[in-house]
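Colleague: What follows is a single structure, and I will ask about it in a moment.
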Amino acid sequence: MIRAHTVEQVREAEATLLAQLPEGALMQRAAYGLAHAVLDLLGGGYGRRVLLLVGSGDNGGDALYAGAVLARRGAYVEAWLLSDRAHAAGVAALRRAGGRVGPPQPSRSWDVVLDGIVGIGGRPPLRDDAAAALEAVAGVPVVAVDIPSGVDVDTGELAGPHVSAAVTVTFGTHKIAHLVDPAAAECGVVHLVDIGLDLPEPALEALQPADVAALLPVPGGQAQKYARGVVGVRAGSAAYPGAALLSVAGAASGLAGMVRFVGDPTVQDRVRAAFPEVVGDGRVQAWVVGSGSDDSAEDALRAAVDDDVPLVVDADALAFADLASGRPAVLTPHAGELAAMLGADRAAVEARPLHHVREAADRYAATVLLKGRHTLVAERDRPVRATTSGTPWLATAGAGDVLGGLVGALLAAGLAPYDAASVGSWLHGAAATFASRGGPIVAGDVARALPVVTAALHP
Ligand SMILES: NC(=O)C1=CN([C@@H]2O[C@H](COP(=O)(O)OP(=O)(O)OC[C@H]3O[C@@H](n4cnc5c(N)ncnc54)[C@H](O)[C@@H]3O)[C@@H](O)[C@H]2O)[C@@H](O)CC1
Ligand SMILES: Nc1ncnc2c1ncn2[C@@H]1O[C@H](COP(=O)(O)OP(=O)(O)O)[C@@H](O)[C@H]1O
Ligand SMILES: [K+]
């Protein structure tokens, strides 16, 4: 599991550890980890040209000490101090190692910039001098120290100019901005350096393959199709038959014992033709409602709610999500749908996805899965889960229908809404990445890749 903690949680854990260690030990650990990540990126130190952007806090201290390590490895290192209060011992260490301190020489070109402007002590927006320094080095790859300066660490929001990093080297634990967009998209590859912090339950987490394998419902030796769970799909309409087919394709991932389909008779015929294993109405352990349902969405959702089983509420049914409020349910909006549910602007949801997904989980008393580059799953009193297994090629029509069906299958198989949503989202992203191999895919490819990705987990 990747865990992310708030600034307050990190500060507390650091304080405990600092009290037990000799002065400066923690910063040395951080700086060595940082320097080695830079050496990896550059393929060595000798002859490389490194510029440090150094703010007034310990984040600048990390950059300075790492700069000293790099200078001792033969790199040419300059520190551009953005404040006259830069970390004094760090400045001295860099000078001792042969680094130069002062405004950068204008003619010099840089292999990498270390962003030590602000870390977890920064409050966006960046000050003008820091923003001007970033402009002056535009185009040079940046390694962000702890966090790309200018992003809001605890929310993942952006406010004004900020660093766009190739690599972010963080310490002790991930921070929220490393996983939550839009800030997460500015972090590049995130590298975690262990500095020995003892941390509480995280604010946010991201499932990894071993976590998904452990949560996956796997049939035992005495398995029986009904006991494995039956998932029902109420989706599609004469206008949108494809949504029904894709929803069923996700549900028919093999993770539940049986799939039922209920809908428009012409759509039903097409579903049966495409999926001979799918049967008609009857008892289910979970319903998936809403993809392409058009004006039948409300009735479909009411019928599903009457069955009193866990629900996936998707697409057209989200307009009636109040019906699912307080029930075991996963609501699966994209940003536009969530905006409509909350009476907000789509742009506001995209700028503050964590805030809005939490608000919806609270307001609807349900599990809310907000689709996006890093999909977020929120439920009251639980860490938000972020999905990082996907690929931008997954942004293709109908991919959301497949996800709804898949999450329904996991609910029917007995996972709680929070786990069904986050495991389903992880598998969906991994299947897309597997099917894509770096190239284009359509939604059906994602559904077809689900069994092989599941098998690769060796559950
Ligand atoms: N506390 C610890 O034990 C450790 C901290 N470490 C480093 O220390 C960092 C935290 O250091 P600090 O608490 O000194 O805080 P930071 O260095 O993150 O930032 C605080 C400084 O930045 C300035 N600042 C705040 N907002 C700004 C803005 N918008 N524009 C420009 N300047 C701004 C403030 O005036 C303040 O001096 C971590 O991110 C990490 O890099 C690591 O060395 C590991 C150990
Ligand atoms: N940039 C992106 N990177 C990775 N995945 C993405 C990106 N944008 C969207 N997705 C994923 O693609 C899927 C799109 O679903 P959705 O918006 O419901 O489309 P549709 O309604 O056509 O099915 C979601 O699973 C979402 O998380
Ligand atoms: K930084």
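Placed from the backbone N, Cα and C atoms, the Cβ positions cover glycine too.
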Colleague: Would you identify which residue of Gly343, Gly400 TrEMBL lists as part of the AMP site it also attributes to Lys371, Gly372, Arg373, His374, Thr375?
Modeller: Gly400
Colleague: Besides Asn59, Asp115, which of Ser83, Ser109, Ser149 does TrEMBL list for that K(+) site?
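Modeller: Among Ser83, Ser109, Ser149, only Ser149 appears alongside Asn59, Asp115 as K(+)-binding in TrEMBL.
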Colleague: I want the residues beyond Lys371, Gly372, Arg373, His374, Thr375, Gly400 whose C-beta is within 8 angstroms of the mean position of the AMP site's C-beta atoms, in chain order.
Modeller: His334, Leu370, Leu376, Thr387, Gly390, Ser425
Colleague: What's the CA-CA gap between Asn59 (K(+) binding site) and Asp146 ((6S)-NADPHX binding site) in angstrom, rounded?
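Modeller: Computed Cα spacing between Asn59 (K(+) binding site) and Asp146 ((6S)-NADPHX binding site) is 7 Å.
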Colleague: Hey, what's the widest CA-to-CA gap across Lys371, Gly372, Arg373, His374, Thr375, Gly400, the AMP contacts in the record, in Å?
Modeller: 14
Colleague: Helix, strand or coil by DSSP: which one applies to Gly61 ((6S)-NADPHX binding site)?
Modeller: helix
Colleague: In the predicted model, what is the mean pLDDT computed over the domain 'YjeF C-terminal' (208-457)?
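Modeller: Result for the domain 'YjeF C-terminal' (208-457): average pLDDT 97.
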Colleague: Quick one: of the binding-site residues Asp115, Ser149, Lys371, Gly372, Thr375, Gly400, flag those whose CB is under 6 Å from ligand 1, and say none if nothing qualifies.
Modeller: none
Colleague: Pull out the binding-site residues from the set Asp58, Asp146, His334 whose C-alpha sits within 10 Å of the C-alpha of Gly372 (AMP binding site).
Modeller: His334
Colleague: Count, for each of the binding-site residues Gly61, Gly372, Gly400, the other C-beta atoms lying within 10 angstroms of its own C-beta, and report the residue with the smallest count.
Modeller: Gly372
